[in-house]
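Record features (Swiss-Prot):
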{"type": "DISULFID", "residues": "33-45", "note": "disulfide bond"}
{"type": "DISULFID", "residues": "113-127", "note": "disulfide bond"}
{"type": "DISULFID", "residues": "134-149", "note": "disulfide bond"}
{"type": "DISULFID", "residues": "200-218", "note": "disulfide bond"}
{"type": "DISULFID", "residues": "212-229", "note": "disulfide bond"}
{"type": "DISULFID", "residues": "246-264", "note": "disulfide bond"}
{"type": "DISULFID", "residues": "278-290", "note": "disulfide bond"}
{"type": "DISULFID", "residues": "285-303", "note": "disulfide bond"}
{"type": "DISULFID", "residues": "360-371", "note": "disulfide bond"}
{"type": "DISULFID", "residues": "367-380", "note": "disulfide bond"}
{"type": "DISULFID", "residues": "400-410", "note": "disulfide bond"}
{"type": "DISULFID", "residues": "406-419", "note": "disulfide bond"}
{"type": "DOMAIN", "residues": "111-151", "note": "domain 'LDL-receptor class A 3'"}
{"type": "DOMAIN", "residues": "152-190", "note": "domain 'LDL-receptor class A 4'"}
{"type": "DOMAIN", "residues": "276-314", "note": "domain 'LDL-receptor class A 7'"}
{"type": "REPEAT", "residues": "568-611", "note": "repeat 'LDL-receptor class B 4'"}
């Protein structure tokens with residue numbers, strides 16, 4: 001074979017190899033799939049979970065070849081088609097088998113309801129909890145659970161409204177419409193007060209001792225009026241330099257003055273304001289506020305009233321299946337494409353090789369699911385539950401990434417998802433909501449001078465605690481059936497048993513200067529609170545015997561607070577400048593910011609422990625928002641100037657969020673995912689400040705690690721839960737009172753006595769500074785006479801090492817001077833005054849032995865003759 005023939009043969013082999021490689025690449029055979037994927041014979045990558053699952057996901061079916069016959073576990077239900085599903089999914093009203101065999105009448109007609117459940121009828125396979133019967137909400141598909149319920153009968157200490165609603169008899173003829181139909185205020189005699197009471201202009205009664213005490217107790221402030229007291233009430237609040245004081249006494253940021261949005265209770269921040277005009281680059285909302293011009297018609301409501309999104313026209317007219325956009329920019333109707341006429345300037349509507357060619361006929365156009373042919377070209381589409389991941393290949397949609405897709409638990413399935421409920425809840429098949437099983441949940445809220453409760457199902461409305469002064473914060477230990485609240489006028493935290501008669505309560509914690517919010521740790525039995533006056537966050541045992549500052553720095557206007565003892569974290573809001581929401585360990589460690597942008601007045605926060613999210617109210621932005629517990633996935637639930645005029649506090653239960661609005665003096669409720677289904681639960685309130693849901697499922701049980709091995713975790717003072725950052729995190733740590741610190745054993749406390757040492761010429765003095773604050777009644781007894789030397793800073797040990805050498809040097813110098821003195825006494829000396837060095841002999845020699853001096857050693861004099869009399873004196 002000649003050289004030219006061999007060369008041609010090599011070229012032919014190289015060409016064949018290149019064609020083989022290009023073919024392999026074209027079919028995707030050389031495409032490398034990820035470790036969690038399976039590679040089809042045709043090169044496509046699918047998730048390993050889809051291999052041998054009974055569905056052909058590879059177009060060539062290679063994912064279902066050589067599969068071992070699948071057997072279901074004992075805890076599974078076997079569908080007629082061989083599919084396996086959990087047993088609990090059988091006969092739950094939701095078909096989970098592809099053939100629907102798990103919900104077939106043959107399978108489900110023999111189903112018997114469990115204890116504490118009732119059947120929805122002879123022809124129904126549905127069971128619901130007994131507590132859902134006659135609760136005012138249809139839970140059976142047939143509505144049978146709300147039939148033959150009869151009229152609600154109120155108890156002897158309740159009043160029956162015309163609507164059938166039950167309210168406390170204390171609410172009758174109190175000057176407020178508590179029935180919401182006015183029937184509790186009909187035929188009322190003129191109100192009278194007792195001999196030791198004062199009657200407000202609103203007819204309500206308060207103790208006579210509360211009159212003219214510079215604290216308005218009447219809702220109309222008539223007890224502190226000029227006519228009653230002969231003087232204006234003294235306002236004790238002193239606002240910082242960055243804030244201004246409202247006529248009603250509270251402080252707000254200076255920048256909120258004359259911004260078009262009333263922030264003071266009396267609206268005094270918007271009085272005598274100059275007329276506002278927007279800049280040329282701004283858009284003026286209908287309410288007069290200004291936003292940047294670029295925010296108009298951006299698809300987001302930036303104006304509170306939404307006027308920036310009114311009358312917006314779609315700029316892009318080529319959206320939708322009936323439009324075609326030319327490459328030259330024109331937009332034409334799809335019917336004009338491939339009609340053999342020039343409708344685009346560049347003829348892009350008439351490509352000869354592409355018109356009326358059905359690409360879907362060849363290999364389904366390369367689409368993994370659905371191929372849709374069009375006049376020019378084609379497009380791939382996916383079946384329900386799938387989405388395009390590379391314009392041709394369909395992948396499963398993880399619907400569970402949407403927090404509101406399921407009420408509680410979401411399980412992602414191939415092409416779909418399954419919703420389930422947490423323990424203690426059961427799904428209402430009519431609504432898909434996970435509803436609590438057991439006692440009726442209720443809302444408990446403060447109303448300044450009393451604490452009230454309203455049932456969320458039967459709407460029973462009663463008074464729990466009365467004759468209070470100025471209640472601002474509220475929480476509960478539900479397992480112990482105890483309420484806790486803070487009274488800003490009495491500067492204390494109180495408690496009462498929820499089953500006790502109205503009026504019986506005990507002072508637990510005193511000297512709380514200006515409590516803003518409280519949060520009860522129901523597992524470790526402690527209470528946390530924010531204090532706006534001292535700018536601190538504190539923690540104490542529920543009996544108030546032990547307490548301490550958890551944080552007393554970097555706080556400006558601490559407001560709401562919430563705890564999660566199951567994970568060991570505490571969360572709080574701060575509306576100071578800059579406003580923020582923070583989180584930290586409940587032991588005071590691992591402090592970090594959670595929300596720092598687009599936040600101005602975060603008044604109330606609450607935790608959704610089931611969905612692991614934090615919700616908060618912004619009174620300045622009139623907004624209800626949420627984030628996950630790491631500060632990610634932020635969502636706006638509701639933005640409303642009407643229902644969020646001045647929101648103060650909120651709470652969450654099931655799929656609903658409830659909040660108090662101070663300006664509207666009402667309690668509202670809405671869907672926690674969408675903000676829809678708005679409803680008014682209570683109105684005509686009097687300075688309501690805080691609200692909670694009362695139900696055993698609100699506070700899930702957890703292990704108190706401080707009582708697991710030894711009492712109080714072996715701690716001398718407080719035992720606090722540690723943040724569970726990872727599996728190696730400690731369960732708890734010991735903590736000491738203010739002015740004390742933990743010893744090396746991590747359990748015992750010792751006084752933090754600071755030793756300050758300073759030096760002077762010829763002398764050294766030590767001053768001991770003892771702690772001056774932090775000890776409270778009930779704290780540990782540590783004798784202050786025992787001083788402590790704190791751990792020396794780096795380098796101090798070296799100074800102690802050379803101290804003996806310095807003492808030896810001083811002794812040598814002293815001996816030398818004594819010898820010189822003896823020598824001078826035995827010889828004559830002459831002293832010549834040098835006109836140049838006019839210094840006295842007292843300045844001739846200076847020996848500085850101070851530890852902190854810049855120069856250590858001798859300073860030699862300018863005169864050679866030295867007198868030692870002064871040195872030895």
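Each position is counted from 1, following the chain as shown.
A Cβ is built for glycine as well, from the same backbone N, Cα and C atoms used for every other residue.
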Other CB atoms within 10 A, centred on residue 285 (disulfide bond): 19
Counts of helix, strand and coil residues, the domain 'LDL-receptor class A 4' (152-190), according to DSSP: 6 helix, 6 strand, 27 coil
Rounded to the nearest Å - Cα separation of residue 246 (disulfide bond) and residue 218 (disulfide bond): 19
Intrachain neighbours beyond the domain 'LDL-receptor class A 7' (276-314), with Cβ under 8 angstroms and 6 or more residues off its ends: 258-261, 622, 639, 641
Inter-residue Cα distance where the pair is residue 134 (disulfide bond) and residue 406 (disulfide bond), in Å: 25
Those disulfide-bonded residues, out of 33, 200, 212, 278, 400, 410, that come within 10 angstroms of residue 367 (disulfide bond) at the Cα: none
Neighbouring C-beta atoms (10 Å sphere around the C-beta of residue 127 (disulfide bond)): 19
Mean per-residue pLDDT computed across the repeat 'LDL-receptor class B 4' (568-611): 96
Candidate disulfide-bonded residues 134, 264, 400, 410, pick with smallest Cα gap to residue 360 (disulfide bond): 400
Disulfide-bonded residues (229, 367), the one with most neighbouring Cβ atoms at 10 Å: 367
Alpha-carbon spacing, residue 218 (disulfide bond) to residue 212 (disulfide bond), which is rounded to whole Å: 11
Residue 278 (disulfide bond) to residue 285 (disulfide bond) - Cα separation in whole Å: 9
Cβ packing number for residue 212 (disulfide bond), 10 Å threshold: 16
Euclidean distance between Cα atoms of residue 419 (disulfide bond) and residue 400 (disulfide bond), Å: 9
Nearest-integer angstrom distance between the alpha carbons (Cα) of residue 45 (disulfide bond) and residue 229 (disulfide bond): 83
Euclidean distance between Cα atoms of residue 200 (disulfide bond) and residue 264 (disulfide bond), Å: 23
Which same-chain residues, if any, lie at least 6 apart from residue 134 (disulfide bond) yet have Cβ under 8 Å of it: 145, 146, 149
Same chain, 6+ residues apart, C-beta under 8 Å of the C-beta of residue 113 (disulfide bond), given in sequence order: 119, 127
